[in-house]
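Some features that TrEMBL has for this protein:
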- 162-321: domain 'Lipase maturation factor 1/2 N-terminal' (DOMAIN)
- 396-539: domain 'Lipase maturation factor 1/2 C-terminal' (DOMAIN)
- 1-31: region 'Disordered' (REGION)
- 43-65: transmembrane segment (TRANSMEM)
- 122-150: transmembrane segment (TRANSMEM)
- 170-186: transmembrane segment (TRANSMEM)
- 198-217: transmembrane segment (TRANSMEM)
- 289-314: transmembrane segment (TRANSMEM)
- 360-381: transmembrane segment (TRANSMEM)
Amino acid sequence: MAAPEEPLRRRKVGSAGPGPGSPPGPGRDPAGCPARLGAGTFWLTRIVLLRALAFVYFVAFLVAFHQNKQLIGDRGLLPCRLYLRSVQQHFRGGAGWDAVSYAPTLLWLLDWSHMDSNLDAIALLGLGVSSFILVTGCANMVLMAALWVLYMSLVNVGQVWYSFGWESQLLETGFLGIFLCPLWTLSRLPRGTPTSQIVVWGFRWLIFRIMLGAGLIKIRGDQCWRDLTCMDFHYETQPVPNPVAYFLHRSPWWVHRIETLGNHFLELVVPFFVFLGRRMCVLHGVLQILFQVVLIISGNLSFLNWLTIVPSIACFDDATLGFLFPSGPGGLKDQVLKMQKKEGQGVQPMPRYGCMVRQAVNLAMGVLVAWLSIPVVLNLLSPKQVMNSSFNPLRIVNTYGAFGSITKERTEVILQGTASPNASAPDAVWEDYEFKCKPGNLRRRPCLISPYHHRLDWLMWFAAFQTYEHNEWILHLAGKLLVNDAQTLSLLAFNPFAGRAPPRWVRGEHYRYKFSQPGGGHAADGKWWIRRRLGAYFPPLSLQDLKGYFKAREWPYTELE
């Protein structure tokens, strides 16, 4: 009986795996467990970065496609054709170098008689390229440069509609993204072009400046940031609140103090973690991303917070981000592991001329960013710090900051129209226009749209604590409402004169808005807001009243006839 047991015993031993001296199989460590990625490489980081940046580009171009014609098109509220003409007149000539360098845009090269088509073409091309990168996770310098040029072409003619800090931030982030990629190759793991440490540190330098700039502008700005009371007001008075902000606004006072202290810690202390070694840099990335997620949940700040997450990703190397990728054989994670093993064994590809050129280009980019950072750093150190400004027309390196001052009361401009022939008649019935997202109807739930952005709604928030003389476009908007202009009305949520004759008069009313008390009488009546009239924002206007105003600004009056 002993003989049959021996071959069985041998089979069991043989199936137990390789002996102690045998090399581990691919993708496994000597103990037989799946091998872990080593630190210090950024192959997978590049894929995540590119996809995140492509997502933000996609949203930005989607907003442009849906809204640019109404805002800066042939019949827009501030036509970019007139803006480019004014730039030409300022420099006393055509599209010369001075004009082009002042407002770099592809539109100088296109036919201005079809500006709507030009704007749509730029937006659609940007949507197509960003979609490809988002889906595939791979790009080259040509595609990334195309996205950068296309979006810069819109920002530099967008006027007040594109005057926000996140536009410059996207251009700076997109500029760094160009140097993440190989020149021509479309591969998620271009073995001849490892992710440059210079580019990685470019992204880290960007997130450092964004957060520190935001923290310093607060400390130097509104007294409420030093008193720790700003969060008592922020949720209610931010540009476009969402439903979560409605409830956060009623948090206990001590919660708001903790929120403000936490904000100061994340913006003034945590940014320095990026320079304190790998573990602290990873902690920096985690904290900043969590902070941006909280901001996304608590307000509609366009794609700003989504965009701020992008450079934070550069705080993570392949070992940190490996959990995002499957571990199967032949997968991206497995391929990176094999490349790391070859590098650890001293197996290096022969240096090629193209690689040396690429290293020189990355070095030149680093020197350029360092040089352009000098005025930015001086601005950070200055007690008269300026936020959200650019020192060069290409917006390669910029200053950043947000909410340096907090409005303590929320005011809104409510546009109204009436069909009455006499605007001052006591029996005139004035009906409200509703915007896509900004507060208006007291019973309408605050919207939740981030990362999408309604540019007109955002500018209406600024207009509410200024005067209509500071915002000429609002009178152009009034003129469009007086003729039921379909293109402009597509930016609004509700037109009270839809399907009938347009109003004879349009006016702007100024109101103070406050959140209703959850569980209170107004909330029980279905009201999210309560409001009190402050007075007239601009008086009742008819088409005849606007004729001279339109002609003085070269806005086509015929479109109102």
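In case you wondered, yes, glycine gets a Cβ from its N, Cα and C as well.
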State the residues, same chain only, that lie 6 or more residues beyond the ends of the transmembrane segment (170-186) and have a CB under 8 A from a CB inside it; answer 'none' if no residue qualifies. 46, 49-50, 53, 56-57, 60, 136, 138-145, 147-148, 151-152, 155, 192-193, 195-196, 198-199, 202-203, 206, 303, 307, 310-311, 354, 358, 361-362, 365, 369, 394-398
Give me the mean pLDDT over the domain 'Lipase maturation factor 1/2 N-terminal' (162-321), rounded to a whole number. 96
For the transmembrane segment (122-150), distant same-chain residues with Cβ under 8 A (at least six beyond the ends): 47, 50-51, 53-55, 57-58, 60-62, 64-65, 68, 106, 171, 174-175, 177-188
Across the domain 'Lipase maturation factor 1/2 C-terminal' (396-539), DSSP yields 30 helix, 39 strand, 75 coil
